[in-house]
């Protein structure tokens, strides 16, 4: 018995904490991906307008912005552990509450509360991983977490489409609530504490000062711009693709689910390449090799749909190529933005996520407007413009990171 206890205590941080975080993150993804094939059915069940379908995603993202300003500084002061555990509890209750919704408004409110899981996971959970492990190990562990979690967008639509042939869509949220409860138990048992509680008092003045310092940091600003813009091609596709492929394209929910597999599968493959084959994912040479892949995907989106229009081929192929390219470097960009400064990491992470989620929520609404008022090409043009700008912000980010590292080395000498 003592050996069993010793086994679990030794592996709590290195194994069971990442597993619990993965389950929490996986469940949060499923609230969108499992229901996306049936989101048109949800709208019809509540007798709402079909144009509200993408709002399920945009309000989820808005929920992800709601508490960022509080959770980062709070976790810097009272600890990462109590904040993340509270988030898992709120998420579980919000998923269970969806079972009781009777209108589209209630459903969207529940989606907003579910979206707060982004605040807790990204602001507190990912930072804990980065703090608990060294640079290369943390990057590779984040790549593993991302790969496993992104199975949700692959199997989520397929599973959701299959399950909705047998059960009501609300049952899916009941399943996710159970997953959230299991993640909550895992975090209670295994999550480490990586900050000293009470080292800095919590006050409005100190919080505002930390945020001011973050938003004055040039590396943070460049990294936040790079990361947020790089999300736009994929998030706009995730949000608007049900309308494009099911409502306008005539696809069945099963066909729609299969059409999403290449996009998220590309990110998973990219992350596995980083974990298994790349010795140092922070090398500029490796990072720049991913850029032509991203640009080829964006070119495919526009040229394919312009020259040989197809209901899904060029959209899926182009988005998949882009996803593969950005998936190879995303964990590294996150690490650069978070740790290339001496600022409180919870506040840095909160600031980063506020920027990313604001850009994502706005891009979803802009993408929806472009689709309904301009069609396929203007919609994909949004992704192309964002992807091209990323190349320039990435170059600036790498230059500033090199300057920061050189300054640190000089200071040590």
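Every residue gets a Cβ built from N, Cα and C, even glycine.
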Same membrane side for residue 210 and residue 281 per Swiss-Prot
yes
Candidate ranges 205-225, 352-372 [criterion: Swiss-Prot lists as transmembrane segment]
352-372
Distal contacts, the transmembrane segment (171-191) - CB-CB under 8 A, six or more residues away:
12-13, 16-17, 19-21, 23-24, 26-27, 30-31, 34-35, 80-81, 84-85, 88-89, 91-93, 95-96, 98-99, 128, 160, 163-164
Give the one range among 15-35, 52-72, 141-161, 226-246, 377-397 whose Cβ atoms make the most pairs under 8 Å with those of the transmembrane segment (107-127).
52-72
Which bits of the chain, at least 6 residues beyond where the topological domain 'Cytoplasmic' (192-225) starts or stops, bring a Cβ under 8 A of a Cβ in it?
12-13, 17, 69, 73-81, 127-128, 131-132, 333, 336-337, 340-341, 343-344, 346-348, 351-352, 355-356, 393, 396-397, 400-401, 404
Hey, would you say the transmembrane segment (352-372) packs against the transmembrane segment (226-246), going by three or more CB pairs under 8 A that are 6+ residues apart?
yes
Excluding the flanking five residues on each side, which residues at least 6 beyond the ends of the topological domain 'Periplasmic' (162-170) place their CB within less than 8 Å of a CB in that stretch?
34-35, 37-38, 41-42, 45, 98-99, 101, 253-254
Residues of the parent chain within Cβ reach of the transmembrane segment (290-310), under 8 Å, 6 or more residues beyond its termini
233, 317-326, 328-329, 376-377, 380-381, 383-384, 387-388, 390-391, 394
Tally Cβ pairs under 8 Å between the transmembrane segment (141-161) and each listed stretch (15-35, 52-72, 377-397), then give the stretch with the top tally.
15-35
